[in-house]
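Peer 1: Please read through the structure below; I'll follow up with questions.
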Amino acid sequence: MEALLQTKGLLSLPNKPKTRAFYPLPQGSLRHIFNPINSLKPKQPLEGLSLSSNGFQKVQVFGTKPQLVGKKNKLFPVCSAATAADGEPVFTEESPKFMGIEIVTLKKIIPLGVMFFCILFNYTILRDTKDVLVVTAKGSSAEIIPFLKTWVNLPMAVGFMLLYTKLTNVLSKQALFYTVILPFIAFFGAFGFVLYPLSNYFHPTALADQLLNILGPRFLGPIALLRIWSFCLFYVMAELWGSVVISVLFWGFANQITTVDEAKRFYPLFGLGANVALIFSGRTVKYFSNLRQSLGPGVDGWAVSLKAMMSIVVGMGVAICFIYWWVNHNVPLPTRSKKKKEKPNLSTMESLKILASSKYMRDLATLVVAYGISINLVEVTWKSKLKAQFPSPNEYSSFMGDFSTATGIATFTMMLLSQWIFDKYGWGTAAKITPTVLLLTGVGFFSLILFGTPLAPTLAKFGMTPLLAAVYVGAMQNIFSKSAKYSLFDPCKEMAYIPLDEDTKVKGKAAIDVVCNPLGKSGGALIQQFMILSFGSLANSTPYLGGVLLVIVLAWLGAARSLDGQFTALRREEEIEKEMERASAVKIPVVSQDEGGNGSLTSDSSSLNPTGGDSAGASSEPSSPRNL
C-alpha cells in the first residue's frame, strides 16, 4: 500500500475514470483517515484543494481565509503548491519581513547595492584619471586615444576573455572572483605609489623623440603608445574594470543569488544607484584635483592627487571583496531549474548572413553601430579641445570631476522621465531622442570649432573664448548623449527584441553582439586614425569628422524611423494573436437543473470527461470522485 501511494499519490485519479456511486463509509473508515477534513465537514467541499497529477503528495498548509464583513477570522486549511518528496506532510511558515520585504531578500539586495556603488565609484575615478594621464602627458595628446582603443585595448580585452574562459573550467566561482579582481586592486595601488612616481626612469622618451623626428608629427599618436606605455596600461586596466568587474563579475554574481522576481523589482534601483555613485565620485575627483592649490612650490600636485585617489580605489576594492565573502557565507542561494537555454555560438559569417537576411535586424544593427561611431567621433575631438583649454593634469581632472557629477545628475533625471516618455510618446519617439540630441549638440560643437573666430566678439560679451565655448558645448553633448543612451537608447534596443520569434530573437542578438558591438566601438577609432594619418592632425581633420558625423546620425534617424514602423506592426500582430487566443479559450457555461432543484454549471463534456463516455451519468452524481 505504501509503495502504491507514493507512486500514484493520495488524491490522484485513474487514467480512464469511470462513473461510480460514492457510498458513505463509517466514521473510522479509510476515507476519513485519508481525508479528515471531510469527516469534520461532510457536506462542505474542501476549498483550495489541488489534486496531484504527478504522483507526489501535496503539502497541507494552514492559512487565514479572507475576513468577511460581520464575521471573525478563522483558520481554514489551504493547499500549497509545494510537494513533500518523502511523503511526509510539511508545514511552511512565512519568512519574516521588514517594510514589506523579506529579510532574506534584504540580506541579498542591500549588500549588492553597496557593492555596485563601490564598483561604480571606482569606475568613475578610473575613467576620469585614465583620460588625464594619456591626454595631458608630455609628448602625447588626444590623438593617442583612437590608436590606444584599437591596437592595445581591443587585443587585451580579447586576451582577457580567453583567459577568463579557461579559468572558469578550473576554478570555483569564489576563487574565480578573487583571482580576477585582486590583480586589478593590486595594479591600481602599485601605479599610484610606484609606477607613476618612477615613470621617468623606464619610459623610453629618447627613443620616442627619435622616431617622431624620423616619421613626422602625424605619427604622434602611435609613437605615444611607446612613449607612455605605463599610462597606456593604466588606461586599458581602467577600461577593463568597467567591462570585467561590472559586466562579468558583479552581474554574474547578482544573477547567481537573486530570483527573477527580485531582479524585476530591484535591478532598476541599481541603475539609479549607479548615477548616485557618479555624483559622489565626481565630487571626490574634483576635491583631490584641487589639492594642488594647498601644496607648496616644487611639489607634484598631480602625484599627490593620484596617490589619494588610488588609495580610495584600493579601499573600495577591499570593501567589494569583503561584501562578496559575507554574502557567500550568510545568504542561501536560490534553487534553479536545470533546464538552460543555449545561446547559439555564431561565427562572423553566420552573423552577417542573419543581419543581411532581415531588414528588422539590419535597422537594429544600424542603431548599435551608429551610436558607437558617433560618440567616439565627438568624444575624442572634444578631449583634444579640453586639453588645449586645461593643459595642467589637475585642472583637466578637476573639470572631469564636474563632468562626471553633471552626467550622474542628468542620467538620474532622465531615468525618472524615461517611463513618462515611453507612456506618452511611445517607442519611436524615445528611440529618436538620442540621435537628435547628438545631432543638435554636434552641430553646435563643430560650428564653434570651424567658425569660432567670427563668433569671438559675441562670445566675449559672455566672458568666453571660442575654445572655452567649444569645451562647454562638447561637455553638454557628452552629458546629454550618455544620459539619453542609458535611460532611453539601451531600453529601446532591448525592447526591440521582444516581438521577434524566439529563434530570430536569440540568433539576432548573438549576431549583433558578434559584429555590431565591436564595429561600433572600433569604427569611430578607425575613422579617426585614417583622418589623422591622411590630414596630419586631429585639428586638420575636424571638418571631415563633422561631415562623417552628420551622415551617420542621419542614417541612424532613418533606421530608427524604419524600425519604429516594423516594431509597431509586430506589436499589433502580437496583440491580435493574443486577443484571438483569449476569444478561442472562452467557453460559455450552461446552467442545468438536477433532480433536487439545485442549479449546477456544466460546460463542454470533453472538458469533464476526456474519454467521452458516461458524461451524463457523471454530471448527475455530484458525489463522484471528480467532484471531491
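Glycine is treated like the rest: Cβ placed from N, Cα and C.
Look at TrEMBL and you will find 109-126, 146-164, 176-195, 232-254, 266-285, 306-327, 364-382, 403-421, 433-452, 544-563 tagged as transmembrane segment. Feature annotation from TrEMBL assigns region 'Disordered' to 581-628. The annotation compositional bias 'Polar residues' is assigned in TrEMBL to 600-628.
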Peer 1: Residues of the same chain, at least six outside the transmembrane segment (544-563), with any C-beta under 8 angstroms of its C-beta?
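Peer 2: Apart from its flanks, the transmembrane segment (544-563) reaches 359-360, 362-364, 366-367, 370-371, 373-374, 377-378, 381, 428, 431-432, 435-436, 438-439, 442-443, 446, 450, 496, 527-528, 531, 535.
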Peer 1: Taking 109-126, 146-164, 232-254, 306-327, 364-382 as candidates, which has the most Cβ pairs under 8 Å with the transmembrane segment (176-195)?
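Peer 2: Going through each listed stretch, the top one turns out to be 306-327.
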Peer 1: The transmembrane segment (266-285): which same-chain residues, six or more beyond its ends, come within Cβ distance under 8 Å?
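Peer 2: Residues packing against the transmembrane segment (266-285) from afar: 109, 112-113, 116-117, 120-122, 124-125, 128-129, 254, 258, 309, 312, 397-398, 400-409, 411-412, 415, 486.
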Peer 1: For the transmembrane segment (306-327), give me same-chain residues lying six or more residues beyond its boundaries with a C-beta closer than 8 angstroms to one of its C-beta atoms, as numbers and ranges.
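Peer 2: The answer is 107-108, 111-112, 114-115, 118-119, 121-122, 125-126, 129, 174, 177-178, 181-182, 184-185, 188-189, 191-193, 196, 253, 257, 284-285, 288, 291.
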